[in-house]
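Sequence annotations record features per position, and here Swiss-Prot assigns GTP 1 binding site to 10-17, 57-61, 120-123 based on sequence analysis. Among the features that Swiss-Prot reports, GTP 2 binding site is placed at 183-190, 230-234, 295-298. The domain 'EngA-type G 1' annotation in Swiss-Prot covers 4-168. Look at Swiss-Prot and you will find 177-352 tagged as domain 'EngA-type G 2'. The annotation domain 'KH-like' is assigned in Swiss-Prot to 353-437.
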Amino acid sequence: MGKPIVAIVGRPNVGKSTLFNKLAGKRISIVEDTPGVTRDRVYAQAEWLNYNFTIIDTGGIEPENNDVIISKMRRQAQVAIETANVIIFIVDGREGLTAADKEVAQMLRKSKKPIVLVVNKIDNMKQENYIYEFYNLGIGEPISISASQGLGLGDMLDKLVENFKNEGNEDEDSEYIKIAFIGKPNVGKSSLINKLLGEERVIVSDIPGTTRDAIDSYLETDEGKFLLIDTAGVRRKSKVKEEIEKYSVIRTYTAVERADVCILMLDATHDISEQDEKIIGYAHELNKAIMVVINKWDLVDKDTKTVNKYKTSIGSSLSFMSYAPYLFISAKTGQRVNRIFKMVRECYDNYCKQIKTGILNDIIGKIVMMKEPPVVGNKRLKIYYVTQIGTKPPTFVFFVNDSKCIHFSYRRYIENQLRDSFDFTGTGIKLEFRERKE
């Protein structure tokens, strides 16, 4: 499989957020001011025994009365079942076994997903006896922890990564370019996938957030082999708006995590929204190849300036990813749909692009000659050598005299010049500056 996804499920106040933050190694409710990235993060990267994995917080909105706890837990468990490779089911050792715990355990058992049962708030040896009643859940041996004190987390993580070893891998999918179709409900993601597949494979409805499971579809074309990932719709019966949005974000994030290329779908009949910016912000932050598809183009009154007006309007909202190409389509009529795989292929090839070191240094030499670095703190930046150290996205290391001398405007100048010299349409590029050891 790719990077494993771990979902944390549990009743309100059992310690989900405490465990989430402890595994992430920091408090992450407020994140860095990266353009286009939501501040209400529901995911984080973690590592144990050389296993890198993603943890998902399914906490949602905590209900204020007991009447809605069980229905909320059902939704929470369903999201975990849909999106995660392994589930951490956390219960409260002090409070003991509850009806909500039993019902969710039954759902999790039926899913056949690997489950790690964690009994939290066991702060000392005297409280170890609290864990035994949780054997009745029938989902394996409970592991006692204290998330707040960090006790027992090593044993829990050992058990967790054992499940990674047992999980199947996605080697059979490695020859496929994975495409995630992301966007708000009802922008036409499922309609487009059906048009590309030539069959009614994904449930399509005019109701935003129509209930459906995430579906992977395999397709071979002249442009290559593709795996299409549709982001599952949110549960339309939920009455809690914030909870709907959070679960939708979780589903979208897991699709983005798996993808090579993300297609942000927008509705031509609506302005770009903050939710659109958040959705594509995930893909940008995770360094995925990105393209923007504007659907329902057949419903727009057009003249010769309409396309440029749309590009300008969208570009002002998505300025942090100006590298993404645009395609105006109609999934309903099929207008320009046949161009999608060609554009995906171009974005993916640029995402994997490797520049020879000699050519790269020749270009950088010319870039510096055209515009000398500014003086920063009485010192001028000197670039000794450049090499590419990675792809997906292309990543370049500059060996310099003093990494503190790189001004943000000159960094941007270098990136723009590299883009002018090499085609990086559809992909971000990363520039790192390291001081050369004498």
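Every residue, even glycine, has its Cβ placed from backbone N, Cα and C.
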I122 (GTP 1 binding site) versus G183 (GTP 2 binding site) - Cα distance in angstrom: 42
Spatially closest candidate among N13, T58, I122, the listed binding-site residues, to K189 (GTP 2 binding site) (Cα to Cα): T58
Count of other CB atoms lying within 10 Å of the CB belonging to N13 (GTP 1 binding site): 11
Cα-Cα distance linking I122 (GTP 1 binding site) and W297 (GTP 2 binding site), given in Å to the nearest integer: 58
Whole-number mean of pLDDT values that fall within the domain 'EngA-type G 2' (177-352): 82
Counts by DSSP class (helix H/G/I, strand E/B, coil) across the domain 'KH-like' (353-437): 31 helix, 24 strand, 30 coil
Among T58, N186, the most crowded of the binding-site residues [Cβ within 10 Å]: T58
